Amino acid sequence: MSFLWSLGSFIIAIAVLVSVHEYGHFWAARKCGIKVHRFSIGFGKVIWKRIDKYGTEFAVSMIPLGGYVKMLDGRNEVVPAEQKSQAFDSKSVLQRSFVIIAGPLANFIFAIFAYWVIYLYGMPTVKPVIESITPNSIAAQAHIEPNTQILTIDGEETQDWETINMLLATKMGEPNVEISLSPFNSNIEQQRTLNLTNWTFDPEKESAFEALGIMPMRPKIEMVLSKVVQNSPAEKAGLQIGDKILKENLTALPWQDFIKQVEQGESFSIKVERNGETFDKVLTPVRNQNGKWFVGVSPALTKLADEYRTELKYGILESLQKGIEKTGQLSLLTLKILGKLLTGDLSLNNLSGPISIAKGAGASANIGLVYFLSFMALISVNLGIMNLFPLPVLDGGHLVFLTMEAVKGKPVSERVQSICYRIGAALLLSLTVFALFNDFLRL
């Protein structure tokens, strides 16, 4: 069921974002008087189509992992004399550049719109209050203390942990990052400076703030079982809701330690407390439908006190402003991470492919529509930036060729473009295969 949910959420997200991107190209082409043959969502066999009064075929194709806009172009077909003025290649460099850049621009506009809707509706979140500081960490060296709330980072307001994570990630390598804090529920401000010159982190394994040693206030996990899955190893071993899992010394077993034992995939013994009595049980993990080891239990969570919770909700104009700011932060973060990948400061193992995106889509959709919309905004920004990358098969590569044409006064030769396209396609395919390989390693 979780696989189908993730797959369905992924298809919806990709279909919407590809439609937005391709509509940007389509809209700009129409504005420039270019004839559009086909607007397709997906590749492969056409499963639905409709032709409008301008002769454009709108189609939905079998493979929902992309899309395209096919325009009248003298480089690819014989153009009738009466239609030459409607061909893409007959337009000025400026007009063609506008058509190319309109796709990524549409993705950024979608992200702004999505965050505008999110902030209008209201997004529940947790205040950025620090629960603890890891000893000898960068945060500890900066004398940041527990039970303080992060107010700003280099002057930018921080109302939630997601914003903090993004801002800190963009500060990687900077020697002086100013953080403003205050003791929780106090008006006294404190200033601290982080030295991030030699700091790097793995975004697949931890958040930026946790890598710095900042542990957020979050719901407490109690080793009292709140759920036992039917026909699971836990139920077969006789575990029940309300059972307390203990260490050998009869103290509570931390949930993370319990998970580590499960992930080893071997039988292990636990002590269980029930109705004042203590006894031993043996659990034998099995693999679930996602290939991960599990025993079929969930712990109870102590609800986070209301004083630590808030809702990000604003008026119409302020929501728009926040949407623009958030999209800008995401764009800067994406560019920084791309830069770190190119310089080797971040491992290419952090690249994610469609499987990771599908899992993220399913998880966010499972939490709620607001979170799914936020996830789509994030992917839309990434899609916009990646398409502007100067690789010949991408929009950015087309813009490079058009820039060279504007400088030289004539188009780049078909032969050079063809060679560049082949190299670009090979590089893009290699990155896609590598990202897929990373996805499989994470399963």
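Just so you know, glycine gets a Cβ as well, placed from its N, Cα and C.
Listed in sequence order, Phe39, Ser40, Ile41, Gly67, Tyr68, Val69, Gly103 are the same-chain residues at least 6 apart in sequence whose CB falls under 8 Å from the CB of Glu22 (active site). What Swiss-Prot records for Glu22 is active site, and it gives sequence analysis as the kind of evidence.
Note: His25 (Zn(2+) binding site) has non-local neighbours Val69, Val99, Ile100, Ala102, Gly103, i.e. same-chain residues 6+ apart with C-beta under 8 A of its own C-beta. Here Swiss-Prot flags His21, His25 as Zn(2+) binding site.
Each residue in the domain 'PDZ 1' (106-185) gets a DSSP state, and the totals come to 30 helix, 24 strand, 26 coil. The domain 'PDZ 1' annotation in Swiss-Prot covers 106-185.
The domain 'PDZ 2' annotation in Swiss-Prot covers 198-287.
According to Swiss-Prot, the transmembrane segment annotation covers 98-118 (among others), on the basis of sequence analysis. Long-range contacts of the transmembrane segment (98-118) within the same chain: residues 17, 20-25, 27-29, 31-32, 34, 71, 88, 91, 312, 319-320, 322-324, 326-327, 330-331, 370, 373-374, 376-378, 380-381, 383-385, 387-388, 395, 398-399, 402, each at least 6 residues beyond the stretch ends and with a Cβ under 8 Å from a Cβ of the stretch.
The transmembrane segment annotation in Swiss-Prot covers 369-389 (among others).
If you look up Swiss-Prot, you'll see 423-443 (among others) marked as transmembrane segment, on the strength of sequence analysis.
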So, by DSSP, how many helix, strand and coil residues make up the domain 'PDZ 2' (198-287)?
17 helix, 32 strand, 41 coil
